[in-house]
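Taken from TrEMBL as is:
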type	residues	note
TRANSMEM	88-112	transmembrane segment
TRANSMEM	118-142	transmembrane segment
TRANSMEM	149-171	transmembrane segment
TRANSMEM	177-197	transmembrane segment
TRANSMEM	222-245	transmembrane segment
TRANSMEM	265-283	transmembrane segment
TRANSMEM	295-315	transmembrane segment
TRANSMEM	335-357	transmembrane segment
TRANSMEM	364-388	transmembrane segment
TRANSMEM	394-411	transmembrane segment
Amino acid sequence: MKKFFSVTIFTALLTFLRMGCGLVIGKFVAIYTGPTGLALLGQLQTIANILNGIANAPAGNGIVRYTAEHSESGHENCAYWWRACSRWIIILCGIMIPLVCVTSPLLSYLLIGNKEQYPYIIIIALTLPVSAYGTMIVSILNGYQSYKYYVLTGIISVLISALIMILLTRYLGIRGALYAASFQAAIIGIVTIALCIKKTWFKIVYFYGQVTTKYMYDIRSYIIMTIASALSMPLALIIIRRLIANNCGWDVTGQWQAVWKISEAYLAVITLALSTYYLPHLSKIKDNVELKKEVFSAFKVIIPVTMLLSIGMYLCRDNIINLLFDSKFSEARSFFLVQLIGDVIKIASWLIAFPMLARGKVKWFVYSEIIFALNFIFLGGVYIHFYGAHGANYAYLTNYVMYFITIFLFFDKIIEK
């Protein structure tokens, strides 16, 4: 676990920078647009996450896994999967870009509630290829465990994209924030590619060329898992926000969204370390007994850290709200307790679920993502009806308790080869 802590320190630097930029961006958006603007921005960011998640599907965990597994055999042996990834990116973007552009008014109406936001959705669609290739480069860095360069690339990308969002929000208000959210992933992709272009493995021949069915199939498994993840929970969140808005109004939805964003920000310290160190490390472990040992040793370290972070967030919630937002968000303090308890259970669940990604267990991963996203929506609908916006937090906690119990009970089956 020593290496995990060193990686955590590096990734924590990146995470804290992201949080710091998030503080400034959140403050700007809150001041210039208020709770309603923050809720609208949250909806568009979720749409961007869904579309980028699908386009980036070939370039994520599959590339991390196969690069990590074959990193000692030379770039040529990793390139089989990189070429397959490029082929899949071209296929997916070729389908998505025209489809999203044509249906953007309908998507805007269904997901946001009006048709006026469709130009932002078109921008997201047109920039998908850049985002996808940027993600592939980051995944290669991760697979090679080039942690310092991975963090450096992330830091520069975050600073540039945050500066653009701040300037656009400052001078264009909510429109500027929405424009920035639309092409933020593409900016990060451009910066990442520019920073890595001189790497020894950054050669056109490694990314384009003959691809056999085997490697296309290997990447396809991760595409299915990533698309399931990119669609299930983000769509569930869009529906949950609409349920809160329909029952309590967009202002209250913005209060709830503020706490959700805070939760995402502080948990990123843990989740980034997991995806940077934990996944490549698990991918290299072939023995089930050793895999179990690694999972439960990580559990004993990471859960106490997550609990301490959650307690700190709860005790400092008023200061955090004042720092991040303004007096219009004072009601958000009441959403913290249940959300933070749910966060601890979420991380516990992810720790024992990561072997699904490391072992490429497509059916387990896809079924669990879809079933528990639907469960979250169902619980949210019931709880929001009775408890208002707080019902969304109760649904979040209940859903992750059920997810944890399910994965724990079937853990041995999940890690079977």
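Cβ from N, Cα, C; glycine included.
Using the rule of three or more Cβ pairs under 8 Å, pairs at least 6 apart in sequence, the transmembrane segment (394-411) is not in contact with the transmembrane segment (177-197).
Using a cut-off of 8 Å between Cβ atoms, the transmembrane segment (118-142) and the transmembrane segment (222-245) share fewer than three residue pairs, counting only pairs 6 or more apart in sequence. For the transmembrane segment (364-388), the partner stretch with the highest count of Cβ pairs under 8 angstroms, out of 177-197, 222-245, 295-315, is 222-245. Tertiary proximity for the transmembrane segment (149-171) is limited to same-chain residues at least six positions away from its ends with a CB under 8 Å from its CB atoms, namely 10-11, 13-14, 17-18, 21, 24-25, 28-29, 32-33, 138, 141-142, 177, 179-181, 184, 187-188, 191-192, 195-196, 276.
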